[in-house]
Amino acid sequence: MKVLVLGAGVAGVSSVWYLAEAGHEVTVIDRTEGVAMETSFANAGQLSYGYTTPWAAPGIPTKALKRLFKSHPPLLFRPDGGLYQIEWLWRMLQNCTATRYQINKERMVRISEYSREMFRRFEAQTDMNFEGRKKGTLQIFRQTEEVEAAKQDIAVLERYGVPYRRLKPEECAEFEPALARVTAKIVGGLHLPADATGDCRLFTENLYKLCQEKGVRFYFNQTISRIDHNGLRIKAVETETGRFETDAVVCALGCFSRTVLAQLDLNLPIYPVKGYSLTLPVTNSDGAPVSTVLDESYKVAITRFDNRIRVGGMAELSGYETKLPEKRRETLALVVNDLFPEGGDLSQALSWSGLRPMTPDSTPLIGRTRFENLFLNTGHGTLGWTMSPGSAKLTADIVSGKDTEIRSDDLSLSRYQKL
């Protein structure tokens with residue numbers, strides 16, 4: 001079957017891999033000049049299986065309001081001038097109940113754990129380098145109230161059987177020796193040994209090469225202008241330079257899934273949530289992180305690749321613009337310099353900001369639509385890297401008409417018609 005995949009980020013290219021593995025004739029189009037050029041370009045690098053958690057949770061609205069007024073707020077809200085931003089926030093607030101949290105958490109954990117297994121199988125099948133490490137996540141707390149608040153998270157970890165260890169300040173250095181220099185700034189920690197790290201862009205670029213070896217055709221610099229359909233099925237996707245006829249379409253366009261599919265009268269509940277990162281060269285390996293450290297106060301992650309440190313995180317709701325405000329860059333620099341002052345060279349840091357495709361319930365949109373041959377793999381929010389292989393395998397199985405290995409019927413767009 002001819003399958004056209006829209007989008008060449010980690011979600012799209014991972015979908016391509018499994019579709020090609022299933023024997024389909026796959027073509028990919030993307031508006032940029034290569035793979036992983038937008039959301040997948042420079043994220044924090046965390047494979048956060050243990051911290052797969054909905055943004056929408058009981059108490060979050062109050063916490064979010066308090067954080068808005070910090071000197072270095074982890075969350076920013078700027079009206080984008082449209083009503084949809086307010087509509088999306090209202091839908092998110094509706095998911096901040098204990099009942100909805102449990103439903104959404106279960107769905108997300110299901111995908112993430114499946115994704116962990118897909119990564120394991122993939123690594124057994126290929127010999128790909130993406131500077132991955134399996135040394136866990138260390139969450140550090142600077143204030144005692146953060147330790148108290150983490151008790152709720154720990155209860156969730158226990159409920160879902162996620163291994164963890166609570167740490168005293170001095171014990172944090174067991175996992176991140178460089179933190180021994182700054183123990184006085186930490187009041188506690190939480191270690192999740194089953195988490196991992198890796199460069200999402202490097203993974204996607206290398207997977208792209210493997211897909212090419214399987215005969216997949218990639219067309220870049222393709223802006224979608226029209227989707228030709230008969231009301232039931234997609235016949236072709238037209239760009240400014242060509243027409244791509246197909247038997248099936250997979251939409252993996254991240255934040256732009258909503259705008260592109262709007263012409264089909266499909267209302268995808270996705271909003272772009274901006275994040276930022278700095279990437280700096282390691283200058284002193286002993287002073288750099290070993291794996292990844294999540295600073296709870298600033299909501300910033302510091303991740304070690306081979307010879308680089310990636311500092312990323314925070315969130316801004318301001319529409320589709322991708323400018324990195326100087327104040328946010330200062331926050332990233334402050335955190336890495338505070339915890340790992342001898343680890344890297346900030347004067348050589350590369351700045352980046354990108355848009356995460358967030359749904360109100362934090363769960364991606366995977367599966368069928370009302371068009372018989374249009375499928376979704378989008379809306380992963382901050383967990384696109386973590387969930388990429390699991391979501392992609394689910395998508396490929398659904399497109400192929402196969403039974404999925406885990407439950408997937410509650411991941412499609414139709415769940416929003418039931419709220």
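Glycine residues also receive a Cβ, built from the backbone N, Cα and C atoms like all the rest.
Swiss-Prot has this to say about the protein:
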- 3-17: FAD binding site (BINDING)
**OP:** Specify the secondary structure state of S15 (FAD binding site) as given by DSSP, simplified to three classes.
**Re:** helix
Subject >> Chain-internal residues, separated by at least six, CB under 8 A from V5 (FAD binding site) >> reply: G12, S15, V16, L19, V26, T27, V28, I29, V249, V250, A252
Subject >> Number of other Cβ atoms within 10 Å of the Cβ of V3 (FAD binding site) across all protein chains >> reply: 25
